[in-house]
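Lifted from Swiss-Prot, the feature list:
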BINDING   E22, L23, E82, D293, K362, R369, R370  N(1)-(5-phospho-beta-D-ribosyl)glycinamide binding site
BINDING   R115, K157, S162, S163, G164, K165, G166, Q167, E197, A198, V199, V200, E205  ATP binding site
BINDING   E274, E286  Mg(2+) binding site
DOMAIN    120-315  domain 'ATP-grasp'
Amino acid sequence: MTRIGTPLSPSATRVMLLGAGELGKEVIIALQRLGVEVIAVDRYENAPGHQVAHRAHVIPMTDASALRELVLREKPDLIVPEIEAIATDELARIEAEGIARVIPTARATQLTMNREGIRRLAAEELGLQTSRYAFADSLESLTAAIDGGIGYPCIIKPVMSSSGKGQSLVADASELTRAWDYARSAGRVDQGRVIVEAVVEFDFEITLLTVRSRGGDGNIRTDFCAPVGHRQVKGDYVESWQPQPMSETALDTAREMAAAVTGALGGQGLFGVEFFVRGDEVWFSEVSPRPHDTGLVTLATQWQSEFELHARAILGLPVDTRLRNPGASAVIYGGVEAQGVAFENVDQALAVPGTDIRLFGKPEAFERRRMGVAVAHGDDIEDCRARAREAAGRVRVVV
């Protein structure tokens, strides 16, 4: 039986989010609707999640002592990492000492904080099909890996980054030094190690939102949302849609792979598992033990969004992954470099039939920073995509 207390009282059920961006903000709102007291933590002030949490803190989350001090002060029941750049070894110690439970598990946060840990788990331990890959910690070893079998074209990424930061598509050797320097500059913690991957010729990419929750019999069960298709530019998600049409054979394979990798990570919560698909063939790409940016589309498509599913699963509550209707999402970019921007033409954006928007409230805009998202629902995927893009395009960011 799940027991939830009263926020801001001695009986409160307390959840601490490490990372308070736009995805964390939606998780906070979902938790608060269930009566949870939420503490939001990020590395900068006035992050989106700070604006809606019961309490907000700013600390360097890679600082183990600062992280421990805050956890001991706030005494959360659950710690929910929403980003990769965290002192995960300290989280493991906190969990081992019984101070708080880490979602989904401390081990999962350690493995998924960098691409090396999760790729070795998926490909080498679980035997999942992936692209050819290698790891390198110098330009010389990177060159040797490419010449030794990865080949051109290839993709180079920092082992630790997110949202496409530091990612390059390299066509030939003349572009290698630039890609190496870019990857090193964008890595969040370990700035000297990269993964290089062979390019997979795929038809489309999907995110399979996978939920591990506790069923009525007390055992962990695994449920899947309808596949989310998405389009990326330079590693950044720019639009997504649900459901992505695909063969039953490919979908069954993706579900089997997702169940295997999330089962190996353990714990409860929602995972974003990414795949490349060509015909009936499926390649595992990445997994995040938290809601996924491409899953913002579920705000318009599912009975319970990915954020509500995550909140319910971590609290031990029943989940419903059913699709309500097709839909799509499109990103609203900053377009400027400025603080405290304003958004014009919001009325015009919302005049597009069957659409809604979310403005994230980020304190600073960058040219390619995601400042909001438009979502559309309907009966036809392509029509939903067109309306989401239209609504997003009508919003104007001004200084």
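From the backbone N, Cα and C atoms, a Cβ is placed for every residue, glycine too.
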Same-chain residues at least 6 positions away from R115 (ATP binding site) with a Cβ under 8 Å from its Cβ, in sequence order, are K157, P158, V159, M160, I195, E286
One of the binding-site residues G166, E197, V199, E205, E274 has its Cα closest to the Cα of E82 (N(1)-(5-phospho-beta-D-ribosyl)glycinamide binding site), namely E274
Out of L23, V199, the listed binding-site residues, fewest other Cβ atoms within 10 Å surround the Cβ of V199
Spatial hits near E205 (ATP binding site) (Cα distance within 10 Å) out of the binding-site residues E22, L23, E274, K362, R369, R370 come to E274
Same-chain residues at least 6 positions away from E274 (Mg(2+) binding site) with a Cβ under 8 Å from its Cβ, in sequence order, are E205, I206, T207, L208, F284, S285, E286, V287, H292
Here the 10 Å Cβ neighbour count for E286 (Mg(2+) binding site) comes out at 19
Per DSSP (helix/strand/coil reduction), E22 (N(1)-(5-phospho-beta-D-ribosyl)glycinamide binding site) sits in helix
